[in-house]
Structure formats: C-alpha cells, structure tokens
Amino acid sequence: MFCYQCEQTAKGEGCTISGVCGKKPETAALQDLLVYSLIGLSEVAVEARLYGVVGHEYDEFTVKALFTTLTNVNFDDASLAEYINRAVVLREQLKYRLKAAGGRAEFTDAPATFKPAADLNGMIEQGRNVGLKSDVFAADENIRSLQHITLFGIKGVAAYADHAMILGQEDKKVFEFIYDGLAAMRNSKLGLNDWVGLALKCGEINIRAMELLDAGNTGTYGHPTITRVPLGAKKGKAILISGHDLKDLEMLLKQTEGKGINIYTHGEMLPAHAYPELKKYPHFYGHYGTAWQNQINEFAAFPGPIVMTTNCIQKPRDSYLGSIYTMGSVSWPGAVHIKNDNYDQVIKKALEMPGFTEDKPGKEILVGFGRNTVLSVAPAVIDAVKNKQLRHFFLVAGCDGAKPGRSYYTEFVEKVPQDCVVLTLACGKFRFFDKDMGAIGGIPRLLDVGQCNDAYSAVKIAMALADAFKVGVNDLPLSMILSWYEQKAAAILLSLLYLGIKDIRLGPSLPAFITPAVLDVLVKNFNIMPITTPEQDLKAILG
C-alpha cells in the first residue's frame, strides 16, 4: 500500500503498512482500483461527450464513487467492490452508446479496457498494481506530484458536487472537468506547465462547485443568521448527527417531530443551527462534542444513536458500533447503512437508549456569520478599519486533526491582538470555537463563517471588502492562516491559488505529495509558506 493523500500520513511521507486513518492495505488497494476504473470511465466519457451520449447517471455515479475514496469516508471493502464493478459496467455501456452514435468503437488504454477480478481477493491484487506509485501516473516526479495534487483536488470537487446535487444544484461544466482531469492522468504529452494549469483549473471548478452548494443550502434553508447554540444537554432522548449534509439533517428533524427526541449536531454540522428553515424545529437543540478526531471518546459517552452523513468516520469502538449509522458515501463494516433517508431504525434505537437523564448546563456560542450577515454590517466594518479601531482580519480556517502541532492554531487565536478580528470555518475552529474574544464596535472578534465549503462565503466577503476599499484582495488587511487534512482542503487551496491569493500560511505540515520543485513554483508565484510559531507569524504579519 502507498497512500499520502492526507496531512497525517505516516512520517510525513506516506502510509505503507496501514493507514493512520485506520484504512487497511486491502481497502487502500480497492480505493486505488476504483480511481483506476474511474480514469477508464472518464477516458470514454471525454470521447462520448462529443456525441452527446453521457447521461446524468454517469455524472452522478462518478462524483459519488470519487467521494468514497476521500479520507475517512468508506472503509467497507464490499461496498468499494460494488463501485468498481459498477464503474466498469457503466464504461462498457458508454462505449456501446458511443459506437451507436458513430464514435470510435475501440479503446486501447489499460484503464479503459481493464476487467475486474471475479472475487474480492482478486480485485485487491489488481489494486496493488495501480496505486499512486504505479505507472498509471507519470514517471517524472514533479509531473506526478502535480497529477496527484490535481487528483486529490478533483476528489474534493466531487464531494462538493455530490452535496450540491443532493439539493438539486449542478452544472455540466463541473462533471466535464472531472472527466477531463481524470482522463488527463493518462496523457503523456502534458508537461509541467500543462499540469500547473490543470491544477489551477481544478481550483476554478471547485469555486463553481462550492457556489452550487451555497446556492443549494441558502436557497433551501435560507441564509444563515446569528444564532446562539448551547453546548450543554437537555434532559430527554437524543440523536447525534455528524457530517456536512443539511438535507440529511432536515429529514431527521422532520421524522423525529413530536417524538420527544432532541437532535444534537456534531463536527461540521454545527453551522446548521444558523439556517432559518432548520432552526425552526423546536427539538433541534444544541451541539455536542468537537472535531472529528475526538469522536471515539465523544461518541462513546453519547447516550443515543449517532448518524454519520459524510466524512469523517473513524473506527468505532465496540461499545457504540451497534448505535452508529452511516449514510450516503459513508460506510463502515458492521455499521447499519441507512438508505432513502429512512430514519426508522435510528428513532427506534433512540427511544431504547437512555438519553440524557438530566439537564447539563454548558456554554453558548454564536454561529451564522455567513457572507450575508457579515456584509450587512460592512459599513460598520469599513468605519472601524478607517478609524483604526480594527487593524487586521485573520482567516484561521481549515481541517482539524490529531497532530500535536495543531495547537498552533489555538495559540495563534489566543495571541491575536485585541484590535483584530478572526474569521473561521471548517472543523479547525474547534480548537478555539468556545472562546469569548469580545467585540470591536459591536462586531464580535470571532466570526464563524460556517462549514469547509463556506470558504466560498469567506472569499465573497474578502472580495466585497476589497471592492469597498478599492484595492485587490491581496492588499486588504487580511491574512489567511490555514490548516489542512484531507482532499476538500486541497481543492479549496487550489481555489485560493486560482484566485491569485498570496501569502497563505499553511500547516501544520506541508503536503507530502508536493515535491521541492513544485513547492518552489508555489512559493515563487504565490508566496505560500509553512506556519512557524504564532509569535513569529504574528510579528511578520503585523510588524
């Protein structure tokens, strides 16, 4: 096995024995084989698109299949085998359609012709030969590095496209790029500059995917408004829902109405409390726990069932394996998988389990500082900057993880001067989300913009402020201090680079899949840099 797509990869180089995420070598091989099969499907789809025969079922399958290969999504070998077989069936169907439409009948490249083994062990063996270090990708290490950057970015795009599609938002251009990008992995004529261009194109398309998801979320549930969310618990039966998918949450709220069950969010579902069409449910109570990497202890202590809607799932303890449920692309062997948004089993389990036997007091936090909320007070923000009440904005955002070095982000926020504002989004916020940082002229100094996909909202805020001050985004009193963990973060980083945003500080470590030569290109063109210490970075930024 060889996998280095996440920040916590072993020794900062790559997982070769077992995944730090809990992924077994057999699962890694099947994920590699699934990507390989999707490359083959994409090669046919690129050609078939010219004849107008790529139906929606191919688009939908491709994004869902790619989503299953993200870190901490699908650990179920049988499920991955089903995806592989389905990819090949669809590929052959598409060849037939292409031929019937007058297109070419034969494809000779290996991914477009491969046949899955008849059994799981055979597939695993096939997967071991088509991984990230195989000749599926370029021999040149720098081109291969850019191929992998693009591949991981495409996985992030696919995740956002899947979320958006569930809410009825899609754009053919997103699907077309996914096919083009995957098929390009087999184009030996592409050089270093071509791959830099493709990586940045991935960033451009990811902006569109996030825009679609934003339209789906706000169009369905309203724009987020400032909302207080309790971190304590209310006496009564309880269900915990984690992940990102707001529609899954909505369906759970509808099906639990009047049943005496309180619904709690976990992880990246926290911002859901700010959406008007969700917070109208009286039994949508509060937030439980912190970021994904703490779930093993937090889930074990939760007195009700847990629903995982999207990444990030870790190996469940035996103590709660019988009360954790997966949905959509998420799967774990032994955990019940919910289909068609039917929560009957979850509700039954919640009524059987004890729930909270007494009220548990806790702090309250504020959420709901999406672009509409922040831009509604833009005049006050602009005045505060002009009057030198507000010196600087920091976007401290991104993924959380288990590495000790991530304490940097807590310390950074704690050391930010009193005349500065911190915007945050994604699960990295759980390092400091419950801190009372006060306000500047009525504007809270800590603003939760939302989920990781709400990077779109943060970009819109930055662009609006740049317009108001009549400067470029890079000339704003704004610094980006980002943490990354998985492939959605890779896609967001590519989006920021596509927009020309410079001086990004990235941590806690740089991606293992970026070679020194590729890093040099990023430094020269975008001045991207690793984090150092909070004190040094603040001094460098503020002087």
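Using N, Cα and C of the backbone, Cβ positions are placed for all residues, glycine too.
Cys312 is the residue from Cys3, Cys15, Cys312 that Swiss-Prot records in the hybrid [4Fe-2O-2S] cluster site together with His244, Glu268, Cys399, Cys427, Cys452, Glu486, Lys488. In this structure the alpha carbons, written CA, of Cys452 (hybrid [4Fe-2O-2S] cluster binding site) and Cys3 ([4Fe-4S] cluster binding site) are 23 Å apart.
Around the Cβ of Cys452 (hybrid [4Fe-2O-2S] cluster binding site), the number of neighbouring Cβ atoms within 10 Å comes to 25. Secondary structure at Cys3 ([4Fe-4S] cluster binding site), as computed by DSSP, is strand. Spatially, by CA atoms, the binding-site residues Cys3, Cys6, Cys15, Cys21 include one closest to Lys488 (hybrid [4Fe-2O-2S] cluster binding site), and that is Cys6. Around Cys6 ([4Fe-4S] cluster binding site), the C-beta neighbours below 8 angstroms that are at least 6 residues distant in the chain are Val20, Cys21, Thr71, Tyr485, Glu486, Gln487.
Cβ packing within 10 Å was compared across the binding-site residues Glu268, Glu486, and the lowest neighbour count falls to Glu486. Listed in chain order, the residues near the hybrid [4Fe-2O-2S] cluster site other than His244, Glu268, Cys312, Cys399, Cys427, Cys452, Glu486, Lys488 are Gly267, Trp292, Asn311, Ala426, Gln451, Tyr485, Ala489, each with its Cβ within 8 Å of the site Cβ centroid.
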